[in-house]
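Record features, source TrEMBL:
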TRANSMEM  6-33  transmembrane segment
TRANSMEM  45-66  transmembrane segment
TRANSMEM  72-93  transmembrane segment
TRANSMEM  105-126  transmembrane segment
TRANSMEM  138-157  transmembrane segment
BINDING   Asn156, Asp216  Mg(2+) binding site
TRANSMEM  188-205  transmembrane segment
TRANSMEM  217-234  transmembrane segment
TRANSMEM  240-261  transmembrane segment
TRANSMEM  292-310  transmembrane segment
TRANSMEM  316-339  transmembrane segment
Amino acid sequence: MVFLYGIGFIASILLAVILTPAVKRFAFFVGAVDKPNQRKVHTRIMPRLGGLAVFLAFVGAFFIIAPMVEDINWRVASALLIGGSMIVLVGALDDRFDLSPKTKLLVELLAAFVIVFYGDIQIDLVNMPFGDEFETKWLSVPLTIFWIVGVTNAVNLIDGLDGLAAGVSGIANGTMLVMAIMMGNVTVILFSALLLGSIVGFLVYNFHPAKIFMGDSGALFLGFCLATLSVLGFKQATLVSFVVPLLILGVPLSDTFFAIVRRKVNKLPISVADKNHLHHCLLQLGFGHRNTVLVIYGISLFFGLCAILLSQTSQWVALVLVGIIMLVLQVGAEAIGIVSKSKRPVLNLFLRVRSKNVSK
């Protein structure tokens, strides 16, 4: 079985490597290009639609390997493929025609409905730590839809540098693959291996200096797949272990969270774009394009390792670990000024305590 997963992984890499140049030419042909502006880091016209290559490699490898793999949940598989096709279609149209946010959100909701109602993929329940079971059947559908749509857009928000969203998604996907192997979840193992291979093959052309952007077709598709696979892997979770997928997707989710807080602090609409995301802050600190991407890869890997560790510890240790991670996240956010350059409550508290100790 491991051999078959390996074949699928290699097949998806090769398909992505072969298909991406063709998609690049197609993007120029149909006018799906990204032109430079004051918010963009790139300085020349770049082809978009790279997500189409990722999607085709993923689907192609699936149909090559799936007939040889036993115990696949075909209902789940078809739901992911149908929902993913919807996401890629709306993303591709947006890459070419710049669709309205409402149109994209509508399709994202419809794709999430396919996952929840046709695929029967839902977050079943949450157990309160050290207490009795807290039934959430009435919450499972809206919670799952919110999660899928939220993660889908969170990954899209970090797609600001060459190879950033693809690499971070690959690390998150790799973490899910490791944990799926530990749990013996055949469906998640298969899809994670194929998706990871598609990402690796695409990164050959997308890492700095990029020859093609994956566009919304790619960022939305990767976010959608990661959200769905995380629900498949942790659909019955305790309140503590529910943090595991949050950690796996720590970079896009935390960047989205801080973006919302930042716009609230500055009294700006949430939908207003800015240049204060994590990658922008690191660029402003002088890290450079490639190093900024590598630093964020490192942060994503840190989150992934923490997620694996968290899944293997007791609840008390897990709670302490979560607290430490949250503190580190807050201090890091204040240090780089991702929310505000002047409002740094935790760092200021540390400085006050330190100054008092020095004065003594």
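Cβ atoms here come from the backbone N, Cα and C positions, even for glycine.
Unlike curated entries, TrEMBL annotations are predicted automatically.
Given the structure is predicted, the values throughout are model-derived calculations rather than measurements.
In this chain, the transmembrane segment (45-66) lies close to the transmembrane segment (188-205): three or more C-beta pairs between them fall below 8 angstroms, excluding pairs fewer than 6 positions apart. Here the transmembrane segment (72-93) has long-range neighbours at 32, 49, 51-52, 55, 58-59, 62, 66, 99, 103-104, 107-108, 110-112, 114-115, 118-121, 152, 186-187, 190-191, 215-221, 224-225, 228, 232, meaning same-chain residues at least 6 beyond its ends whose C-beta is under 8 angstroms from one of its own. Distant neighbours of the transmembrane segment (316-339): 129, 240-241, 243, 247, 250, 254-255, 258, 261-262, 265, 276-278, 281-282, 285, 306, 309-310, 345-347, 350; these residues of the same chain sit at least 6 beyond its ends, with a Cβ under 8 Å from one of its Cβ atoms. Within the same chain, residues 45-50, 52-54, 56-58, 60-62, 64-65, 92, 95-96, 190, 193-202, 204-205, 211-212, 215 sit at least 6 positions outside the transmembrane segment (6-33) and bring their C-beta atoms closer than 8 Å to a C-beta of that stretch.
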